[in-house]
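According to Swiss-Prot, the feature N-acetylmethionine maps to Met1, an assignment based on a large-scale study or a structure entry. Residues annotated as compositional bias 'Acidic residues' in Swiss-Prot: 1-21. Annotated region 'Disordered' per Swiss-Prot: 1-27, in sequence order. The transmembrane segment annotation in Swiss-Prot covers 34-53, 54-72, 126-146, 152-172.
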Amino acid sequence: MLSQDSNDDTEDVSLFDAEEETTNRPRKSKIRHPVASFFHLFFRVSAVVVYLLCELLSSSFIACMVTIILLLSCDFWAVKNVTGRLMVGLRWWNHIDEDGKSHWVFESRKSTPQDNKTISEAESRIFWLGLIACPVLWVIFAFSALFSFRVKWLAVVIMGVVLQGANLYGYIRCKVGSKKNLTSMATSYLGKQFLRQNTGDGQTS
């Protein structure tokens, strides 16, 4: 199931490809894992809502901070260990070998002719929307707390950025592969944008 990269302390598997998924496997819009989809959004959205309304709901900063940290911790565990595997077939984790060396493993479910399971497009959209949108919100909250001198909230906001950013980074690595693939993908994208811009300028002139 896993192919190891000898030049990196990570392990990757064959990754989902959009074209192969479209041609080889039927896509359905219905939600196949409603409970997982619910909890994928519940903890992270609840943490954001509590952060925004905590000063209105409670005068105790400690109570609000503990509630937000608990919600963020539950979200990190649920997204890392449950919802990613069920909703999009991705998983990342760490293990230490016999020599005490740490290895990061990034897994993606392989598409095989024997696999009759369908991919839920609705679940995929829910997963990636929640995975990307919430860390962006926490980054905005971090700048807001910094510039408004709400120093006491910085620790809470930074924890939100770190925990949800870690899941985002891990699943992006699962999706695009190793660092080399991620770098080449970014380079290829920038090259295409540069070429397209130059082509457009040439046609205009």
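Using N, Cα and C of the backbone, Cβ positions are placed for all residues, glycine too.
Counting same-chain residues at least six beyond the ends of the transmembrane segment (34-53), those with a Cβ under 8 angstroms from any Cβ of the stretch are 64, 67-68, 71-72, 74-75, 78-79, 82-83, 86-87, 123, 126-127, 130, 134, 137-138, 141, 153, 156-157, 160, 164.
Sequence-distant contacts of the transmembrane segment (126-146), counting only residues of its own chain at least 6 positions beyond either end whose CB sits under 8 Å from a CB of the stretch, comprise 31, 37, 40-41, 44-45, 47-48, 51, 79, 83-84, 87-88, 153-154, 157-158, 160-161, 164-165, 167-168, 171.
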